[in-house]
Amino acid sequence: MVSFFKKNDKDKIEEKDIKENNIDITKGNIPSHIAIIMDGNGRWAKERNLPRYMGHKAGVETIREIVKECSKLGVKYLTLYAFSTENWKRPKDEVSALMKLLVQYLRKEVKELYENNVIVNTIGDIERLPDLCVKELQSAYDKTKDNTGLTLNLALNYGGRDEIITAVKNIYKDIKEGKLKEEEINNDTMSNYLYTKGIEDPDLIIRPSGEQRLSNFLLWQCAYSEFWYSHIKWPDFRKEHLHKAIYDYQNRDRRFGAVK
Ligand code: FPP
């Protein structure tokens with residue numbers, strides 16, 4: 001029988017470590033903005049001889065748990081990297097499966113997200129997504145936009161380089177049209193031209209699955225973010241792993257380039 005909970009040795013060691021260490025995150029600061037690269041779905045499925053799609057499907061269950069937990073902990077922003085500008089290079093059926101999962105997730109979850117005071121927002125060039133996705137995303141935003149709790153940013157057709165290029169083009173256009181002066185360009189101006197306008201930079205970036213790279217995620221915004229990696233693949237990622245990431249974050253010394 002195929003075990004859905006098969007774990008490799010690295011995962012087991014990590015889980016043991018998390019269980020054995022008494023992790024108390026109530027004494028430190030909860031990061032305001034957590035951003036997650038939800039990686040490892042494909043490998044999770046492969047280990048179980050399942051199609052890659054099943055890994056993404058299992059990954060949606062993790063999204064549910066982590067959104068709930070972030071909301072409970074008082075995190076202000078949770079940004080999930082769900083589909084990058086490069087993910088179009090994947091096989092067509094995987095791309096359409098991902099789009100379908102997105103629509104299903106929104107249709108099924110929006111009511112509960114609304115009741116949990118969550119705002120459903122997107123970052124990325126969403127106009128290129130299938131019409132149905134755009135429609136459901138817009139509807140989810142309209143329904144939840146007046147909430148005051150966690151903002152869930154779904155990064156879709158998102159790429160950090162694409163975001164910066166778009167910002168530069170818009171800055172150039174505004175200068176040409178006399179709406180902006182060259183001397184007004186600074187860090188804050190640049191931030192205001194990004195998809196994340198009005199959203200504070202991520203404090204903590206989490207990447208499960210063992211890969212240690214940024215993959216074109218929040219390139220401008222992560223200048224001073226803390227990074228946390230884990231061998232656990234996204235479908236196996238649980239709130240205990242989130243707690244461990246937050247606990248480690250709380251024990252880091254953030255100096256922002258200055259001396260204490
Ligand atoms: C990366 O794992 C994961 C993705 C590119 C997609 C993430 C999407 C979901 C979890 C579900 C759909 C999203 C929503 C918001 C409902 P990978 O496939 O690259 O894993 P691998 O590196 O093991 O192949």
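Cβ atoms are placed via backbone N, Cα and C, with glycine included.
Values in this document were obtained by computation on a predicted structure and should not be read as measured data.
Under 8 Å, Cβ to Cβ, and six or more positions away along its own chain, D39 (active site) finds R207, P208, S209, E211, K233, W234. In the three-state DSSP assignment, the secondary structure recorded for D39 (active site) is coil. If you look up TrEMBL, you'll see D39 marked as active site.
Within the same chain, residues at least 6 positions away in sequence whose Cβ sits under 8 Å from that of N87 (active site, proton acceptor) are V95, L98. What TrEMBL records for N87 is active site, proton acceptor.
Taken from TrEMBL, the feature Mg(2+) binding site covers D39, E226.
Positions annotated as substrate binding site by TrEMBL: 40-44, R52, H56, 84-86, W88, R90, R207, 213-215. Around the Cβ of R207 (substrate binding site), the number of neighbouring Cβ atoms within 10 Å comes to 24. Mapped onto three states, the DSSP output places R207 (substrate binding site) in strand.
Checked against ligand 1, the recorded positions D39, G40, L214, E226 give D39, G40 in sequence order as having a Cβ less than 6 Å away from one of its atoms. For E226 (Mg(2+) binding site), the nearest of the binding-site residues G40, G42, W44 in terms of C-alpha separation is G40. In the structure as shown, the Cβ atom of T85 (substrate binding site) sits within 10 Å of 18 other Cβ atoms. In sequence order, G55, P208, S209, G210, E211, I232, K233, W234, P235, D236 are the residues of the chain that are 6 or more apart from G40 (substrate binding site) and have a CB within less than 8 Å of its CB. Under the DSSP three-state reduction, L214 (substrate binding site) is assigned to coil, being neither helix nor strand.
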